[in-house]
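*Asks:* Straight from Swiss-Prot, here's the annotation block:
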| type | residues | note |
| --- | --- | --- |
| REGION | 1-22 | region 'Disordered' |
| BINDING | LYS28, SER29, ARG33, SER174, GLN176, ASP326, LYS353 | 3-phosphoshikimate binding site |
| BINDING | LYS28, GLY101, ARG129, GLN176, ARG357, ARG400 | phosphoenolpyruvate binding site |
| ACT_SITE | ASP326 | active site, proton acceptor |
Amino acid sequence: MSHASRPTPLEARGSTPLTGRVRVPGDKSISHRALILGALAVGETKITGLLEGEDVLNTAKAMAALGAKVERVGEGAWRVHGVGVGGFRAPDAPLDFGNSGTGCRLAMGAVAGSPIAATFDGDASLRSRPMRRILDPLELMGAKVSGGDGARLPLTLEGARDPIPMVYRTPVASAQIKSAVLLAGLSAPGETTVIEAEASRDHTERMLAQFGADIVTEPEGTHGRRITLTGQPELHGADVVVPADPSSAAFPIVAALIVPGSDLTLTDVMTNPLRTGLFTTLREMGASIEESDVRDAGEPMANLRVRASKLRGVTVPPERAPAMIDEYLVLAVAAAFAEGTTRMLGLKELRVKESDRLEATADMLRVNGVKVEIVGDDLIVHGEGRVPGGGTVATHMDHRIAMSALVMGCASDTPVKVDDTAFIATSFPDFIPMMRGLGADFV
């Protein structure tokens, strides 16, 4: 499995003002989907700006193992020659997704609609994460699961020879569940419908339409959506421009807000409203984040200018969670530097990420002198405008914990140590050198 090497510790010290103009890596969600839909399409898909982190590269390897031709033609530039819907071949070896839950779960959906069997595996972290809520709807569509106690990796998924279209209500707001069902539904005759009570990120729906699928999205209730896909289309290769990842941009954004004197511009950041809950919350806290050059290239994007700001505590409503589920860790850092109490409500989903991120976030803050409490599934941070620091943060093989802790150390009174930064490579390989280039002191 990945990351068998020794831990790579690092210490973040008080930073000089962060200044400059940078582009963070391409969006991870879009990168995974571009590779998978490219593999399911007929003809050539051209991808520019692909995130070349370990998670996405594992998805590229998996698509090649399933029969697609996947090639890198330049930095962030890739070509995929697809096999068409239902055209996957059985791989010769297990598909190893390393640390990537997204790549693994979306690929399960694609395989579930194909008449082949494939074994899915990953690193120790991914093996510990639950898969049952992805597998439940896929089994209803005709796929069969064996091994892995039926819920965890490694497991073997045998795709349905005649996938069954269905109407499925997602048990939680999860783009991964929704996407897996839609990808399996590509091979089913008739209509496959997914109903979600709370809208989750809609990258799969947008990209399916771009590749030629017949897909319709309608409102459902107060905050939900009903997505209907007509199966057995012929998807056609497309040109995909991958915008900068807002989840990666979150780290330099928060760093710039908390380091006095900072003035930082991030270019081409995706501003899809189902991904920008963090930006909304930070602005409510008093953050100076200005958009310019707003445009659309399949996904909305803009340049963001971020200046150091005095932040105040706020309450983050639970319905915002789907639009910022990966950003609560670094939001908690911002909350620690804010004046007053920040309440982040309804964070149950953080418990089933790369680690139990709810407990890990609280631990990260506590060991650095921040007053924090967990009440049920709510995280409550009592900000005092400063963070003492001085602690060592256990990352639990989680890239976002590592980056959040390093951001905290940029502005804490004393340095913050991180026990292992190796897993940052899964999503943001150049994070450390990029931050150093902006003025961060990581040693």
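Backbone N, Cα and C define each Cβ position, glycine as well.
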*Asks:* Among GLY101, ARG129, ARG357, these being the binding-site residues, pick the one whose CA is nearest to that of GLN176 (3-phosphoshikimate binding site).
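*Replies:* Going through GLY101, ARG129, ARG357 one by one, the Cα closest to that of GLN176 (3-phosphoshikimate binding site) is GLY101.
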*Asks:* Going by C-alpha positions, which of the binding-site residues (LYS28, ARG33, SER174, ASP326, LYS353) is nearest ARG129 (phosphoenolpyruvate binding site)?
*Replies:* LYS353
*Asks:* Round to a whole number and give the Cα-to-Cα distance in Å for the pair SER29 (3-phosphoshikimate binding site) and GLY101 (phosphoenolpyruvate binding site).
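*Replies:* Each residue's Cα considered, SER29 (3-phosphoshikimate binding site) and GLY101 (phosphoenolpyruvate binding site) end up 11 Å apart.
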*Asks:* For ARG400 (phosphoenolpyruvate binding site), list the number of other Cβ atoms lying within 10 Å of its Cβ atom.
*Replies:* 28
*Asks:* Looking at Cβ-Cβ distances, which residues of the chain lie under 8 angstroms from LYS28 (3-phosphoshikimate binding site) while being 6 or more apart from it?
*Replies:* LEU51, GLY53, ASP55, VAL56, THR102, ASP245, SER247, SER248, SER427
*Asks:* Here are the binding-site residues: ARG33, ARG129, LYS353. Which has the lowest count of other Cβ atoms within 10 Å?
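*Replies:* Looking at the binding-site residues ARG33, ARG129, LYS353, the Cβ with the fewest others within 10 Å is that of ARG129.
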*Asks:* How would DSSP class ARG33 (3-phosphoshikimate binding site) in three states?
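*Replies:* Once the DSSP labels are grouped into three classes, ARG33 (3-phosphoshikimate binding site) ends up as helix.
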*Asks:* List the residues of the same chain that sit at least 6 positions away from SER174 (3-phosphoshikimate binding site) in sequence and have their Cβ under 8 Å from its Cβ, in sequence order, or write 'none'.
*Replies:* ARG133, SER200, GLU349
*Asks:* Between the Cα atoms of ARG400 (phosphoenolpyruvate binding site) and ARG33 (3-phosphoshikimate binding site), what distance do you get, rounded to the nearest Å?
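*Replies:* Pair distance, Cα basis, whole Å: 21 Å.
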*Asks:* Of all the binding-site residues here, SER29, GLN176, which one's CB has the most other CB atoms within 10 A?
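*Replies:* Result for the most crowded candidate: SER29.
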